[in-house]
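As given in TrEMBL:
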- 7-265: domain 'G-protein coupled receptors family 1 profile' (DOMAIN)
- 21-44: transmembrane segment (TRANSMEM)
- 64-90: transmembrane segment (TRANSMEM)
- 111-130: transmembrane segment (TRANSMEM)
- 166-192: transmembrane segment (TRANSMEM)
- 213-233: transmembrane segment (TRANSMEM)
- 245-267: transmembrane segment (TRANSMEM)
Amino acid sequence: MLIFSIINGLLSTLTFKSESLLKTGCGIYLLTNSIISILTITIFTIKYFQLIIFQMKSITNTSFIHFSCILTDVLLKILLSFGDWLYVAVAIERTLAATQGISFNQSKSKYIARYVIPIILLLISISYIHDPISRRTIDDIDDEQRTWCILEYSTSLKKYDKFINIFHVLIPFIINILSAICITIQVFRIRVKTKKKSAYKKILYAQIKQNKHLLISSCILILLSIPRLIISFLSGCMDSIRTPWLYLIGYYISFIPPLLIIILFILPSKTYKQEFLSMIAKINFFSK
């Protein structure tokens, strides 16, 4: 997964690093998300090996274990949500571009993006601040003497945690879907102005077909985020879960979205796909 993620992230980064794609905010959002995807899977891999090392007792430094307990999980939550909200920023800008047409200001969108990105990251980090302050490590007194990282929420914090997890999954999905619908309707309105009424259905069908990847990508992202949401509602240690393999599969599925930038955003777009293929051709040329 790490190797595939790095390849996917690097190819996406090289694609969106093109000057022609960075003229608008969309390019900046997707470039940032490409970098975030590499960082997310890297931290996920570090966490995976840390768990193995900790349980093998290869590392016994309690300060390091405690630091890892507090930081690793919240970083993954922040980065996954950050990626989802960057997709929202892309969807909103595409909607504005469709509705404003030739009056859409690319320079302004690029300027706004440089402020939107850190603001989104800051707000998401603040929304998850309750996570690290509620974590602690405990030493199990069983035969294996394992060290566990646990969350202890008050009743009010439990409610807040459920709300914020639902919010970070459901709201981006709703915005992405509404954006796809708005773009389809707006382009349909523009096209029908120059066509006869008898051609309305054909035009609408053509627009739905043309923009179906926006709807499909939104549905794929929400489906892959649902396991993450379900897991956030589960409590207890792994030993208390009757089907741990199901829990692990769901956990791994939640990290698939960072691997899909090329499939969901580059290949369906003519502009991005052309830049992507051009970049691949350059790599092949230099490798000869």
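All residue numbers here begin at 1 and follow the chain in the order shown.
Just so it is clear, glycine is given a Cβ too, placed from its N, Cα and C backbone atoms.
If you look at the transmembrane segment (245-267), the same-chain residues 6 or more away from its ends with a CB under 8 A from one of its CBs are 1, 4-5, 8-9, 11-12, 15, 30, 33-34, 36-37, 40-41, 44, 80, 83-84, 90, 213, 217, 220-221, 224-225, 227-228, 230-231, 234, 238, 273, 276. Confidence across the domain 'G-protein coupled receptors family 1 profile' (7-265), taken as the mean pLDDT and rounded to a whole number, stands at 82.
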